[in-house]
Amino acid sequence: MFQRKQLKKQIDTWEIKFFIKVIPSQKNKEKSQAAAPEDEADVVSSVIGEYGRWQLLMTFLLAMFSFPCTFHIYLPTFTVKSTKFWCRLPDNLAGLPIQDWINYSQPVDACYVRVLPDGITAESILNYTAPVLDSFQKCQEWDFDRSEIGDTIISEWNLVCDRSGLTNLAEVMFLIGVGFGGVIGGWISDKFGRKRILMSLMCLQCTLAILSFFVRSYVQYVIVRLLMGLVSVPVVFAAFVLSVELVSGKWVTIAGVCNFFPLPLAYIIVSLLSLLLPNWRDLQMALSLPGFILLILWFILPESPRWLIGRGRTEEAKEIIIKAAKFNRREIPEELDKMLMMSKPETEAEQPSVLMLFRRGLLKRTCCLFIAWFSMTIAYYGLLLNIGNFNLGNLHVMSIILAVVEIPAIAVSIPILLKAGRKIPIFISMLVCGLACVASELFSMAFDHDWILIACLMIGKFAIGSTNMMMPIFTAELYPSLIRNLGVGSSQVSAGLALICIPYLWELTALNEHLPMVTIAALSAVGGGIVLLLPNTTSINDSKK
């Protein structure tokens, strides 16, 4: 009986220690409402500095990992773009202009073609003497308009008419992989380390990207895209979390935002390469090869010293800290061993678990972030991946314009986050995005000028682009280091659910042509409002400067 009481007492003690560390006390709730930088962070920053040459180099290299993932997310804008198609012209009518062939044989749509009478010629169709039969049959082969976009998966596997529903299947599978991959990748990263998971998944991503070039059936392509989704997003967030754990103070915000600068650059690269390589396989290969270059960074990138300290692996953390301090030309304190021993956990660190996200004090944050991420993802990718549905001229030009707009949005978010905190800027940016979407619909009904719609889209993209930079930083600051990557990764469940909806968002036009943009606007407002229920993390960052 005595031993049982002692065991229960020890378990209670462990739980109290966990909640003291993870959940801020009520007394200090106003001062420190989020669990971003922990006490052990002072050991690292006091030796290597909050930011220096070493952190600059590491954060720059880690930002490069955003390129491959963004490539594969944005590729469907061109490789799955719907274009005009028609039932293939028979060989005996080879000289007939395409439009005349369509007018004669496919008066309703390209899924059914008129039965051709015997002896019909191109000349008889051109001079309107060809017999017009009322018999139709299903078309079996199609040709596609390649004037703007070259060969796509739609044209290769004839994903039209009865098979048109398969067009979005590959991307839905990819985005399902993104949702599950965010949680799984976050969990294994918190358990086994940032660097090891980052490089392992990067290697797997490159292999899958190359494999997608060689697929010969649509089913194979779908399977590869599913696996690609599972590994792509964990790469980005492992790099993101590692970059912010190498710095401290205000540099956490700056390093976190800079990690997303490659996004608009990646959009531009994909757009330009799509012009040079119109075949989807060539484009896939060209965007897959650069990822292998990043694998050499295994010999350069460190593990997170803060994660190592939190896991009790102080000797490994010491080695990294000494190298970083020397690179930053800082003196190594003689009492470094003592400092590390004081930071070492008294007991073995608790294993990260998804259930921790729903414990007392974190449940509200997890639920609010779930809604906020869902709303932001619908707005951001709803505008980004549906550029072609706006029919505003050349797809490549529009893609580049909306990508360029995002560059100043990222830059502006840095001073905003440093001066105005997190909640209010995120709320305002999401609200502005919603208003811009509503304005675009109102102006499109009142004016027949594309430039007005383009201007509204640019404003909306600018606003939600800023949100897309701020939300991961805010999320990371709301969770303790023990489950930080898991917390950031779990946000991809709601983001993944939103992404699954994106391919079908424009199907709402069947009910009302304005419904897709109104939906984006409403969700932006809801997502911005829910963020106001979360604690602000600025005070903690300020206290650590």
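Any Cβ shown, glycine's included, is placed from N, Cα and C.
Curation does not apply to TrEMBL; its annotations are automatic.
Feature annotations, reproduced from TrEMBL:
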type: DOMAIN; residues: 115-539; note: domain 'Major facilitator superfamily (MFS) profile'
type: TRANSMEM; residues: 56-75; note: transmembrane segment
type: TRANSMEM; residues: 172-190; note: transmembrane segment
type: TRANSMEM; residues: 197-215; note: transmembrane segment
type: TRANSMEM; residues: 221-244; note: transmembrane segment
type: TRANSMEM; residues: 251-277; note: transmembrane segment
type: TRANSMEM; residues: 283-301; note: transmembrane segment
type: TRANSMEM; residues: 362-383; note: transmembrane segment
type: TRANSMEM; residues: 395-417; note: transmembrane segment
type: TRANSMEM; residues: 424-445; note: transmembrane segment
type: TRANSMEM; residues: 451-474; note: transmembrane segment
type: TRANSMEM; residues: 486-506; note: transmembrane segment
type: TRANSMEM; residues: 518-535; note: transmembrane segment
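The transmembrane segment (172-190) and the transmembrane segment (424-445) are not in contact, since fewer than 3 Cβ pairs between them lie under 8 Å (pairs 6 or more apart in sequence). Listed stretches 56-75, 221-244, 451-474, 486-506 were compared with the transmembrane segment (283-301); the greatest number of C-beta pairs under 8 angstroms is found for 56-75. Taking every recorded stretch in 221-244, 424-445, 451-474, 486-506 and counting its Cβ pairs under 8 Å to the transmembrane segment (197-215), the highest total belongs to 221-244. When Cβ-Cβ distances below 8 Å are used as the criterion, the transmembrane segment (56-75) is approached by residues 174, 198, 202, 205-206, 209, 228, 232-233, 235-236, 238-240, 242-243, 246-247, 255, 258-263, 265-267, 269-270, 280, 283-284, 287-288, 290-291, 294, 297, 300-302, 327, 384-385 of the same chain, each at least six residues removed from its ends. The stretches the transmembrane segment (395-417) and the transmembrane segment (451-474) meet in space: the count of Cβ pairs below 8 angstroms, excluding pairs fewer than 6 apart in sequence, reaches at least three. Recorded stretches compared: 221-244, 362-383, 451-474; the one with the most Cβ pairs under 8 Å to the transmembrane segment (486-506) is 362-383. Listed by sequence, the residues of this chain that lie at least six past the ends of the transmembrane segment (424-445) yet keep a Cβ under 8 A from its Cβ atoms are 372, 375-376, 379, 383, 413, 416-417, 452-453, 456-457, 459-460, 463-464, 466-467, 470-471, 474, 514, 517-518, 520-525, 527-529, 531-532. Across the domain 'Major facilitator superfamily (MFS) profile' (115-539), the model assigns an average pLDDT of 81.
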